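J.: Pasting in a structure now, in structure tokens, and then I'll have a few things to ask.
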Amino acid sequence: MKTDQSPIVDLELAVTIPAQDVSHSNACPTQTQRPEDSGPGDHQYPNLSRIRAFLLVTVISIAALLTVLNSQSIVIILPELGYAMRIPSSRQQLVVSIYNISTGSVMLLWGRLADVYGRRLGFLSGSVIFTLSTLCLPWARYEIPFYVLRAVQGMSAAAIMPSGIGIMASTFATGPSRNMAFIAMSAMALLGSVVGSLLGGFVGSILGWKWVFWIPAAASAFTTAAGWFVTAVYTTRIAPQGTTENAENSKKPYVDWIGGGLISSSLTSLLVSITQGNVSGWSTPWIPPLLVVSVLLLGAFIFYERRLEIDPNRTPLMRMSMFAKKQFSALFVLVGCFYASFNGFLVFVTYFYQKYQGLGELQTTLRFLPAGISGCEYTIMLNWTYHFF
């Protein structure tokens with residue numbers, strides 16, 4: 001494999017024009033199709049020009065950057081935002097947590113909706129809602145409306161990510177083109193933490209915290225408009241039953257609404273019980289029962305998904321059988337523990353810098369930059385080293 005190709009050259013596609021809709025393949029983006037598995041009726045990739053392919057990856061990568069940016073930028077301005085919105089210090093972590101929990105709780109459901117109704121539709125719908133919610137957040141005068149808009153913003157970000165990944169997986173065949181596309185998207189997502197820190201620090205201190213929302217809203221509006229044109233190759237037609245390449249995709253289109261409701265309710269109950277337990281005290285009568293309810297809902301979700309997995313006519317939201325692999329389960333736990341600790345670290349270290357050490361937003365920003373920059377460097381280096389392992 002050559003490693004001296006430019007990104008634009010890597011994105012060039014030399015495949016046939018599709019004979020069927022390419023926006024509804026139910027294959028997981030991380031499961032690539034091997035050339036030896038191809039045959040009659042297999043997925044065919046669109047024949048895009050180099051410029052069109054480059055623009056497609058750029059737009060989707062910028063959208064991924066914005067979803068991360070809106071989480072990191074808020075961390076820097078959290079003390080100022082809390083003061084302006086009259087949010088007590090004990091509840092200010094909800095500003096960050098609600099975005100993350102709403103994103104994670106509906107991402108699986110959004111991914112399935114994109115598979116059934118079209119990934120282009122899912123990407124554009126998520127982008128429009130993300131733009132509007134980000135634009136309206138500074139005008140929320142009270143704490144509860146602000147939380148609601150923040151949750152809507154997180155849920156729309158959950159639509160952008162899986163839809164964008166699905167579009168690229170359906171566009172680029174296995175090989176350097178697909179690898180470069182996913183690496184570019186990952187690098188831009190990590191770059192979002194750096195840009196978010198800069199946005200929160202410099203813009204927040206010069207123009208005020210409201211512009212930390214308005215500038216990303218303008219960028220998101222541009223991305224939405226550009227996405228309308230660069231993803232125009234996709235349709236929203238559901239492929240007829242039996243026209244796809246495997247039994248999984250030939251099932252009748254099915255959305256696991258029950259599973260989505262169970263996992264979303266479980267994660268929301270867990271968030272509320274943990275955050276309010278810290279504020280109101282764990283002896284508050286309704287907090288321990290709510291924590292138990294969240295665990296029971298999680299158990300119900302696991303049980304229901306296992307039942308759907310053996311159903312020949314319905315597709316589960318998450319396949320529980322993948323956790324039977326010890327390596328995957330261990331990696332899943334490690335990644336979950338990392339993000340659980342890292343997100344809390346971002347909130348508390350901000351208060352440490354600004355409240356305890358008395359640093360301003362700009363000084364706080366400079367202390368966040370090394371982590372984001374090193375993450376971007378690692379992702380770029382991965383492009384040149386992954387084929388050695």
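Backbone N, Cα and C atoms are what each Cβ position is placed from, and that goes for glycine too.
So TrEMBL says this about it:
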type     : residues : note
COMPBIAS : 23-33    : compositional bias 'Polar residues'
DOMAIN   : 56-389   : domain 'Major facilitator superfamily (MFS) profile'
REGION   : 23-43    : region 'Disordered'
TRANSMEM : 53-78    : transmembrane segment
TRANSMEM : 90-109   : transmembrane segment
TRANSMEM : 121-140  : transmembrane segment
TRANSMEM : 146-169  : transmembrane segment
TRANSMEM : 181-207  : transmembrane segment
TRANSMEM : 213-234  : transmembrane segment
TRANSMEM : 254-274  : transmembrane segment
TRANSMEM : 286-304  : transmembrane segment
TRANSMEM : 328-353  : transmembrane segment
J.: Any residues 6+ beyond the ends of the transmembrane segment (53-78) with a Cβ under 8 Å from its own?
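T.: Contacts with the transmembrane segment (53-78): 7-8, 11-13, 92, 95-96, 99-100, 103, 123, 127, 130, 134, 153, 157, 160-161, 164, 167-168, 171-172, 177, 180-181, 184-185, 187-193, 195-197, 199-201, 204, 209, 212-213, 216, 219-220, 223, 226-227, 230-231, 346-347, 350-351, 361, 364-365, 368, 372.
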J.: Give the nonlocal contacts of the transmembrane segment (121-140) in its own chain as ranges (CB under 8 Å, at least six residues past its ends).
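T.: Non-local partners: 60, 63, 66-67, 70, 85, 110, 113-114, 146, 149-150, 152-153, 155-160, 162-164, 166-167, 209-210, 213-214, 216-217, 220-221, 223-224, 227-228, 231, 236.
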J.: So what's the mean pLDDT when you look at the domain 'Major facilitator superfamily (MFS) profile' (56-389)?
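T.: For the domain 'Major facilitator superfamily (MFS) profile' (56-389), the model's average pLDDT rounds to 83.
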J.: Same-chain Cβ contacts of the transmembrane segment (254-274) under 8 Å, 6 or more residues past its ends?
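T.: For the transmembrane segment (254-274), the far contacts come to 97-98, 101, 104-106, 108-109, 112-113, 116, 287-288, 290-291, 293-295, 297-298, 300-301, 304-305, 308, 313-318.
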